[in-house]
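Colleague: What TrEMBL records for B:12-33, B:39-63, B:70-88, B:94-117, B:124-148, B:168-190, B:210-230, B:242-261, B:268-290, B:296-321 is transmembrane segment. What TrEMBL lists as region 'Disordered' is B:326-345.
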Amino acid sequence: MMKIVTRLAAASALSMLASTAFAASLTVGFSQIGSESGWRAAETTVTQNQAKERGIDLKFADAQQKQENQIKAVRGFIAQGVDAILIAPVVATGWDDVLKEAKEADIPVILLDRQIEAPDSLYLTAVTSDQVHEGKVAGDWLVKDVGAKPCKVVELQGTTGSSPAINRKKGFEQAIAGHSNITIARSQTGDFTRTKGKEVMESFIKAEGGGKDICAVYAHNDDMAVGAIQAIKEAGLKPGTDIKVVSIDAVPDIFLAMAAGEANATVELTPNMAGPAFDALEAYLKDKKAPAKWIQTESKLYTQADDPKAVYDAKKGLGY
Amino acid sequence: MRKLKRLAPQIVALVLVLFAVTLAVPGFLSISVQNGRLYGSLVDICVRAAPVALLAIGMTLVIATRGIDLSVGAVMAITGAIAATLVADNQPLVVVLLVSLGIGLACGLWNGALVALLDLQPIIATLILMVAGRGIAQLVTGGTILTFNDPAFSFIGSGALFGVPMPVLIWLVAGLVVGLVVRRSALGLLIEAVGVNRRASSLVGVRSRFLIVAAYAISGLCAALAGMIVTADIHGADANNAGLWLELDAILAVVIGGTSLSGGRFSITASLIGALIIQSLNTGILMSGWPPEFNLIVKAAAIVVILTLQSPTVATALSGLRATFGSASRSNSHEPTGKAGARAK
C-alpha cells in the first residue's frame, strides 16, 4: 500500500516537474475586454486553444468592459514576470503609462483586434482586421456575382457613427465604384441587431415595390442579415435567390442560413487574432527581430460552395 | 363624446404624423391582403408598435399611481431568454407561456414590493431590476443569442389570425382587457386616487399598497408578453438587445398620451395611440430614405412639437386666440376648467 502511495507521489512530482518545465517555455498574460458579444467569447476560446496547442501557459484576465481592470491586470502580469502580454483594449486612449511600465520590464505587448492611440514604440505589434477591406471583399463578391446585370442594393448599416459601420460602408462603396450597374438604393441603420435588421428590411421591401426591385441586401453584420432574411421570407420572397444576402462577421447562424440557401456570402472577421500574435511573438523571442507594427488578419470570404454546414459545426463550439 | 375630446390631441398628432410621412412616401397608406394576411406599412406600424404598446399599458397604470417602472426593458430580456430556453428544450407551448408570464409577474411583484412595502422611491426600486435584469438574462442564455426553430412559438411573433398579425391582436386584447377591468369597475378611480394622494386614499380606506403592487405586477406581465413577442419575432433571444431602451419609449408613449408623470388621471387608449405615434415616426423615417444620421433628430423634433401642442399653457393660449377671433366653440373654452376641476379632485 505504502509503496503505491510513494510511487504515485513520485509520479505526480515528476509530472509536476514536467509541466513546470513545459510552462517555463512561455507564459503569456491575456487581458480580454469581457464577453459582451458572441464573437468576443469565441476570440477568448480560440486564444485559449491556440495557447494550449503551442504549450503556452496563458494567464487570462476578464476586464468586464473596464479599462481600469485591464490596467490592473497588465500591472499584475508585469509583477508576475510573464514573457509577453496580449491586450484587447477596451478604449483607444490612456494606455501610455502602463505600456511604459511593461517596456521597462522588457515585456513585449501585443494588441488584439483594436488599435490604440499611443506611440507605436510602446507595443510590439497590433493584430487586427481591416474593416474597410472587409466591406470591399463583400462588395467584390457582389460585383462578380451579378456580372453586367443591373442590381439595386439595400444596405443595413451598423450603429450610426461606429467605426465598423463607417468602414464597412466605405469598403463596399469602393468595391462597387466603377460598376454603374450596381447602385445602393437605400441605406439605413439596423444597429447591428436582428430585431432592427428585420424591421428596417421590412420597410425597405415596402418602399421598393414589394421587394421585387431589390436585387441584394448588404448587411454590416450577420445578425442584421439573419433578421433581413426573415423579413424577406415573410414578404413572400426567397432570400438567397430573389434577393441575394451578403454580410460580414461569419458567425455560426449565418452558415445555417447559407446551408438552407437563404444567405449567399459572408466575410469572416476571424476570432483567431491570437494565432498570428503568437506567431509574431515566437519569431520575435527567437531572433529578436521586431515584426511590422500592424498585422492584418485574413478577411476570408465564405459562400454556399464552402460547405456551410461543416463550417457551422466547426464554429458552434467556440462560444459564439 | 367626452372620451373623444380627451383623445383629440393624440388622434390629431397621429393623423398629422401619418399625413407628413405620406407626403414624403407616396403609397404609404395602402393596405392589401397578401398570403391571407394584411400587408402594408400601416400594418407594419401596428406590428412593430406591439412591444412599446404592451409596455405602455402597464406603464400607464404604474405612472397613474405616481410611480415609474424602469425595469420593463430588462424584464423583456429575462422573459425572452427564459422562453427561448424552454422552447429550445422542446417544452410544450403552454408551459413556455405560463412560465414566462409567471417570471414577468414575479418581476413585477418584486418591484411592487420594493415600492409599496419598503417605500423605496419607484425610480430607484425599479432601477435595481433594470440594471440586474439584463445580467440575469445573459446568465440564462449563456451570453449568446439563443436561437430556436419552433413554428408554434414563432407564431406569436410572426403569425396571423384572420389576417391580423398576432402581435397586433395581443396588444389590442391586452389593452382592451386591462382597460375594461379598470374602467368598468372602480379600480381605475382608486388607482388615480392613490396617485393623487396616497395618504389620503389610505385614510379613506383605499387599499393603496395592494393597488400599487397590482400596478407593477400588471406592468411585469405586459413586459413578459412584449419579451415573448420580440423573441418569437426573430426566432431567438438576444439578451443584450431585447427591449433595450424600450422603457424610455414606453414612458414617452404614456407622456404623449397625456398622462402626467406626477400621477392621477390616466388613459390607456391615449397611451396606446402614443405608442402608435412613436412607431409611425420610426417607420416613417425608415421609409423616407433619409440618411440614418437624421433618425433621432427628426424623431426628437417631432416629439417636441407634439408635446408642445399638448402643454396646458399652449392649449389655453390657443383657445384664447380662438376666443379673440370669436369662433371659439363652447366646448373648447371649457376644457381648461374641466382639467383644473379634475386636478382638484
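Here the Cβ of each residue, glycine as well, is placed from N, Cα and C on the backbone.
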Colleague: Please work out whether the transmembrane segment (B:12-33) lies in contact with the transmembrane segment (B:296-321), by counting C-beta pairs under 8 angstroms that are 6 or more apart in sequence and asking whether there are at least 3.
Modeller: yes
Colleague: Check the transmembrane segment (B:39-63) against the transmembrane segment (B:124-148) for contact, please; criterion is three or more CB pairs under 8 Å, pairs 6 or more apart in sequence.
Modeller: no
Colleague: For the transmembrane segment (B:210-230), what are the same-chain contacts with Cβ under 8 Å, counting residues 6+ beyond its ends?
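Modeller: Distal contacts: 50-52, 54-55, 57-59, 61-62, 64-65, 67, 69, 71-73, 75-80, 83, 97, 100-101, 103-109, 111-113, 115-117, 126, 153, 156-157, 166-167, 170-171, 174, 178, 187, 190-191, 194, 242-243, 246.
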Colleague: In the same chain, which residue numbers or ranges, 6 or more beyond the ends of the transmembrane segment (B:268-290), come under 8 angstroms Cβ to Cβ?
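Modeller: Distant contacts of the transmembrane segment (B:268-290): 3, 6-7, 10-11, 13-14, 17-18, 20-21, 24-25, 28, 41, 44-46, 48-49, 52-53, 56-57, 59-61, 171, 175, 178-179, 182, 249-250, 252-259, 298-299, 302-303, 306.
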Colleague: I need to check the long-range neighbours of the transmembrane segment (B:124-148): which residues 6 or more away from its ends have a CB within less than 8 Å of a CB in the stretch?
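Modeller: Distant Cβ neighbours of the transmembrane segment (B:124-148) are 67-71, 73-75, 77-78, 80-82, 84-85, 87-88, 107, 110-111, 114-115, 118, 216, 235-240, 242, 247.
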